[in-house]
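The transmembrane segment annotation in TrEMBL covers A:35-55, A:67-87, A:116-139, A:146-167, A:187-204, A:225-244, A:256-277, A:308-329, A:341-359, A:366-385, A:391-408.
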Amino acid sequence: MTTTTTTTAGGVKVVKPTVASYINDYWSRVRGGDLGGLPAILGLVVLSLIFAIARDTFISGLNFANLFNQGAIYIFIAMGLIFVLLLGEIDLSAGYTSGVCGAVVAILLTNHGWEWYTAIPVALITGMVIGFVLGFLVAKIGIPSFVVTLAAFLGFQGLLLVLLGGGTNISTRNEFFNSLNNDNLPVSWSWILTILAIVGYAGAQLNQVRSRAKRGLVTDPMGIVAMRVGGLAVLLIVATSILTQERAINPAINSLKGVPIVVPIIGFFLVLWTFVLGRTSYGRHVYAVGGNTEAARRAGIPVDRIRISVFVIGSFMASIGGIMAVSRASSVDPNTGGSNILLYSVGAAVIGGTSLFGGKGKVINAVIGGAVIAVIDNGMGLMGFSSGTKFIVTGLILLVAASVDALARRRAAATGNR
Amino acid sequence: MAATPLLELSGINKGFGPVQVLHDVSLSVYPGEVTALVGDNGAGKSTMVKCISGIYQIDSGTVTFEGNQVAIHTPSDASTLGIEVVYQDLALCDNLDVVQNMFLGREKKRGIVLDEPTMEQMAGDALASLSVRTLKSLRQLVASLSGGQRQTVAIAKAVLWNSKVVILDEPTAALGVAQTAQVLELVRRLADNGLGVVLISHNMNDVFAVSDRIAALYLGRMAAQVKTTDVTHSQVVELITAGRSGNLGLPPEKPAAELGGDVVDITPGGEK
């Protein structure tokens, strides 16, 4: 691992990186303004430490599980928003789209007596139709997305009221549906999924190294690969062992242990969209359109279709967010998907490291950013701050994240990274 | 150099509404040679390139490629034939790396998954065939490259597809001295690899440094297509600015040779 061998990648002389040179490269990229999710991870650690010191209950297993259930809604919506943001567009209506889809599922379940496996797909399709309409207006008619989705924001707020008959509250009683964002996996399944996730990640990493090494291409040093896999393994095992502890205040009445059901759902979409963005030509084209629309057009990429598709994905993920919000509350009301949901979701994407200028961002940003938002919301709640203070602090942190993004871009421009 | 032209245009006319931009233009591009296309601003160089690359449709005239008459209606027709254009603004995505840019829109796939190792290897081979040694890594973001390196990537992108004709629009316009030399060397190497290269340039030094033939456009007409060794610097400048130079150029040669009296009344000075 210490010797520096030189391999040729098809004629271009490339030095095979060692662990040290890899870390050096990474550090110089960070210094050059390519921060990625680093500020958010640091923020997450610092905030968690502050809250943990201030309130013991913050680090209790019960609260830890709560964080996932609370953050899930923002995370799902933010995952979809990342696709929209990658094109430098915005979807202000994502919050109320989730509300409308949540209302659809609740009405079908409660008022029409549908089963969850028919009601949920209808809500998902509703989301995709909404996204298609938004995307069509932006891409084909040429209205700025800010205006289209601002109109939709108002419109869907109204639609939600109309659907709910002027403001009634519809509660859902479908057991499976309500369990989605409330209940936990059995302990055995928690561990099985954790191990599957670690083995899967390790397999994917090793497979990549092997297929590149076979062609004589430069690979990441094994030390770094081991650190990545080991890091994830430690993180997941610690989290799972905390979550599989009994955390009910009175276990005799109602036992509470296991990983929340919503966690593997987040994991599924994280893997799915990361794969789509990173490993398919569709994802490549999304980045290309976000980076240089004209270049993408000349390369023969159907720019309009890509633009419509990101809004479809955005609203589809918003509908999942809506379903989770309704499941969490076991009811829907005119405020579902309203108030701070949209702003928190955009905040999650941006705090996680997605650029508002387009072309830069990963799906994992939504998870990290969503975790930061959930920690602030939850931690300040525990410390007894009012909603007002919570909003002010969240607003400030969003502002800090956006400044970090803007400053990193300037830094990158200065060092020639952009 | 009696080789048959790889790409031959003859009698090309192109107008936009009432404005006739190209008049009976002919151009021959030979394999293994650099043909410099020169002309003043508004002479019709860009229009001509866009006609060849399928962005514009020609009004009349014939395009012959490898001896067969072809019709180029869309940019993809052109790239199917093996004609690639490197535009002045390069059309690269800053947020993607070198390999990703070179394969943009034509990614290699295995099933639905991108085949990154194959793409990286092909990109490396393409750069190696041009003896490019200035790139640190194929996985560098284009944003971090210098102007010359970007130009290199754009040119390598054009040769990746077994293209036969590469058209370069002002490749050195934005570059410093050292980088210009690098890019010109690259242009020469393209031709030495057997491709037909069309180099559009305003810079006479560049033109004389690498080209085998010079085609001078003057107000939408082909003033002359000559071998670089047969003309001097000042003759080319005269062709560009006045349309003729001595016995070269528009009025004395062309009408007599093939077009009859039709062109006589449009001598540069005589135009209304």
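Using the three backbone atoms N, Cα and C, a Cβ is placed for every residue, glycine included.
Counting Cβ pairs under 8 Å to the transmembrane segment (A:366-385), the stretch among A:35-55, A:116-139, A:308-329, A:391-408 with the most such contacts is A:35-55.
Among A:35-55, A:116-139, A:146-167, A:225-244, A:391-408, A:116-139 has the largest number of CB pairs under 8 A with the transmembrane segment (A:308-329). Here the transmembrane segment (A:391-408) lies next to the transmembrane segment (A:35-55) in space: the count of CB pairs under 8 Å, restricted to residues six or more apart, reaches at least 3.
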